[in-house]
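Visitor: From Swiss-Prot, here are the annotated features:
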type	residues	note
BINDING	Gly32, Gly33, His34, Asp52, Phe79, Asp100, Gln107	S-adenosyl-L-methionine binding site
Amino acid sequence: MFNHVTVLLKETVDGLDIKPGGTYVDCTLGGGGHSSYLLSQLTEGGRLIAFDQDEIAIQNAKEKFSSYGEQFITVRSNFRYLSEKLQELGITEVDGILFDLGVSSPQLDTPERGFSYHHDAPLDMRMDQDAPLTAYDVVNSWSYEQLVRIFFQYGEEKFSKQIARKIEAYRENKAIETTGELVELIKEGIPAPARRTGGHPAKRVFQAIRIAVNDELKVFEEALESAIEMVKPGGRVSVITFHSLEDRICKTTFKRNSTTPQLPPGLPIIPDEFKPKLKLITRKPILPSDIELEENNRARSAKLRIAEKR
């Protein structure tokens, strides 16, 4: 069962400025925390479309929210197909869209999914379990140079080269099959003094591999642009990010769509295609309160940004 503590619950949903009869999208259903709070604010004409790649998350939510009938619609899909899937449902615009980019706790805590460095399990890390690429493929098939690049770019790991060398040497004799084996190699690649600070030594490499397996940054960038197009004027987009790479994409995308580009002087009117699409609701990200951080340690790196369609 999905026992998932939702991060920035009220701030994210209230930030959408809910219209009770509106149409909303939860791009990251997960344990259904945001969906539950959002559904409770809708009247009979309102509806929520919830996306998730995980079949278990979809089935749990269908049971949990069965009393809402046709007000609650699930879509088993990566949110990169947001626009296409909504159009298949006959929906061309919506009143609000939310993204919570954290891996849901049930996925992290289910050992066989291979997301966690706390459990020994097969190397998997796929959000969509029908997807072809796994963490096993990345760790055993990708070149030293590719591993260094993703560890550094996606994990911001200072010891990327040392860790990649350990992996390269080990797999010459035997495939790396489990998260436990990978954790040991990561530890060997990080100098002892550095292992004692900054949380679990495998955290950054596991993040990097997960991002690579699921193509998370490119997917998010595409989906955020689609969300901005799909939201009607006055509608909002709420985004919770959990690391600097995601936050940078969100911040840059919101900023680019909320500013007027440099135009030749003397234009009598600004053409529509150059007018800002968004108004920033949050100039700086909203962070979890001290109370929330005490109750849920996983919220510590969360940042919420909200923008409104002009």
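Glycine residues also receive a Cβ, built from the backbone N, Cα and C atoms like all the rest.
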Visitor: At 10 angstroms around each C-beta, which of the binding-site residues Gly32, Gly33 has the fewest other C-beta atoms nearby?
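Guide: Sparsest of the binding-site residues Gly32, Gly33 by Cβ contacts within 10 Å: Gly33.
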Visitor: What whole-number distance in angstrom separates the two most remote CA atoms of the S-adenosyl-L-methionine-binding residues Gly32, Gly33, His34, Asp52, Phe79, Asp100, Gln107?
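Guide: Per the listed residues, the maximum Cα distance equals 18 Å.
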Visitor: Looking only at Cβ atoms, how many others are within 10 Å of the one on Gln107 (S-adenosyl-L-methionine binding site)?
Guide: 23
Visitor: Name, in the order they occur in the sequence, the residues of the same chain whose CB lies under 8 A from the CB of Asp100 (S-adenosyl-L-methionine binding site) and which sit 6 or more residues away.
Guide: Thr6, Val7, Thr12, Cys27, Thr28, Gly30, His34, Ile240
Visitor: Take the Cβ of Asp52 (S-adenosyl-L-methionine binding site) and count every other Cβ within 10 Å, whichever protein chain it belongs to.
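Guide: Neighbour count, Cβ to Cβ under the 10 Å cut-off: 27.
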Visitor: Using a Cβ-Cβ cut-off under 8 angstroms and a sequence gap of six or more, which residues of the chain neighbour Phe79 (S-adenosyl-L-methionine binding site)?
Guide: Cys27, Thr28, Phe51, Phe99, Val219, Ala223
Visitor: Specify the count of other C-beta atoms within 10 Å of the C-beta of His34 (S-adenosyl-L-methionine binding site).
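Guide: Neighbour count, Cβ to Cβ under the 10 Å cut-off: 29.
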